[in-house]
Amino acid sequence: MASDKVVETVIVGNYVEMETEEGKPKSIKNKMSNFFWHGGSAYDAWFSCASNQVAQVLLTLPYSFSQLGMLSGILFQLFYGLLGSWTAYLISTLYVEYRTRKEREKVDFRNHVIQWFEVLDGLLGRHWRNVGLAFNCTFLLFGSVIQLIACASNIYYINDNLDKRTWTYIFGACCATTVFIPSFHNYRIWSFLGLVMTTYTAWYLTVASLLHGQVEGVKHSGPTKMVLYFTGATNILYTFGGHAVTVEIMHAMWKPQKFKAIYLWATLYVMTLTLPSAAAVYWAFGDMLLNHANAFSLLPRSPFRDMAVILMLIHQFITFGFACTPLYFVWEKAIGMHECKSLCKRAAARLPVVVPIWFLAIIFPFFGPINSTVGSLLVSFTVYIIPALAHICTFKSSAARENAVEQPPKFVGRWIGAYTINMFVVGWVLVVGFGFGGWASVTNFVHQIDTFGLFTKCYQCPPPTLPPPTPHPLNITASPPLQHPRHGLRNP
């Protein structure tokens, strides 16, 4: 009976490892561990998608609004949110197609996590695998770098006794502890807490900005330059391109087929956080945001702001794990440690992955501009162009379309509609996202390097306040300079 059940589970496509544990008596300790530690439901996937998507970009979206203007900022969020949800759906259908084909061949995935490059390899061959692996790993590497930079940028607004580079050293060591989290199964409580934390931060930004009111002489002149316009647009492209870990999240689900619309619902919730907060901060501070990529830098310090900073720090630690865990898997497979059952051995093997992330965060500490650069050069291909092209090529034959596990939705026009949308995604992202966005974001990134330099100690930190000069003993009785009402200070 047990073997029949396992075979049935494989055909249906449920997660075998979880199913084989059924029927065993569980202690209170195991039940508590499963409740907090082992997640595989559709709700867990929703929390993971929403928590991973919003992250530190919540703090840079007001900066993007100052580059784009209010109307363009809102429209780009809505547009790229829908575009990202569509390509996440494509990735999910390709995953289900690949896994179903392999399970029909009796392939066992109990000790193996399927990843995006393996889906491309199984469906389209090794050349697609190599391209997908290169883009996916590079994007996740810099996604982890961005989280580390954000940690240092945020903590500085609570404690500026240390510069941002020193804080990067400290948080790099803290984030390295994510090597002990085995897989996306084990992010259940972290995903839930992460979303609660960003929800608080988003509404803090909204309410605090409205209560603060507009600064004196506020200006909303965006968009003023094409470079800034497309830089802001690619930051929003990056914001809704967090589905590079879709395959790993699906593989952690007990029933991956239920993922279909999860990313769309996660995106809709995220928009209830990003739109009000970005619009409110931009309304209050306007063009001042052009020189303040982190929204925390303009809001007055208060216990509520300190709480938001602390919660974002914890959430960025969680998001660092989200971005880095697929890299851990790739590295484990490369050195033959992926199926090792010892958590400590796998954790030790993962540590070398953190070192280049740490180093790159110290070289390029440009919080804000680096998001746009990664968005245009990496996100554009990783989660938009490649999934759309892969879907077209996988189902180009009539036989493949007839035997597809997942048929395109009727409301998009089935295969003709899906093909049309995919071609639009490829064309738009290639021209606007990679072309214009790449030119603008790289130009802005180079400007940051020219202005601040590599390895800058404290990016966008206010200049230190110098103590007033001590008067010389010989001039202690000298009279103070006279002040003319029109010409300011002058000597007597």
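Note that Cβ sites are derived from N, Cα and C of the backbone, with glycine treated the same way.
Going by TrEMBL, these are the annotated features:
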type: DOMAIN; residues: 38-430; note: domain 'Amino acid transporter transmembrane'
type: TRANSMEM; residues: 74-96; note: transmembrane segment
type: TRANSMEM; residues: 133-155; note: transmembrane segment
type: TRANSMEM; residues: 167-185; note: transmembrane segment
type: TRANSMEM; residues: 192-215; note: transmembrane segment
type: TRANSMEM; residues: 227-250; note: transmembrane segment
type: TRANSMEM; residues: 262-285; note: transmembrane segment
type: TRANSMEM; residues: 307-331; note: transmembrane segment
type: TRANSMEM; residues: 351-368; note: transmembrane segment
type: TRANSMEM; residues: 374-395; note: transmembrane segment
type: TRANSMEM; residues: 416-439; note: transmembrane segment
type: REGION; residues: 470-492; note: region 'Disordered'
Feature contact check the transmembrane segment (262-285) with the transmembrane segment (74-96), CB under 8 Å, 3 or more pairs: yes
Closest-packing stretch to the transmembrane segment (133-155), where packing means Cβ pairs under 8 Å, from 167-185, 227-250, 262-285, 416-439: 167-185
The transmembrane segment (192-215) touching the transmembrane segment (262-285) per 3+ Cβ pairs under 8 Å rule: yes
Stretch contact, the transmembrane segment (351-368) with the transmembrane segment (192-215), Cβ-Cβ under 8 Å, 3+ pairs: no
Dominant neighbour of the transmembrane segment (416-439) in 167-185, 192-215, 227-250, by Cβ pairs under 8 Å: 227-250
Same-chain residue ranges lying at least 6 outside the transmembrane segment (227-250) that approach it to Cβ under 8 Å: 45, 48-49, 52-55, 57, 60-61, 63-68, 72-73, 76-77, 80-81, 83-85, 87-88, 91-92, 95-96, 113-116, 119, 136, 139-140, 143, 183-184, 256, 259, 263, 267, 274, 290, 322-323, 325-326, 329, 368-369, 371-376, 379-380, 382-384, 429, 432-433, 436-441, 443-444
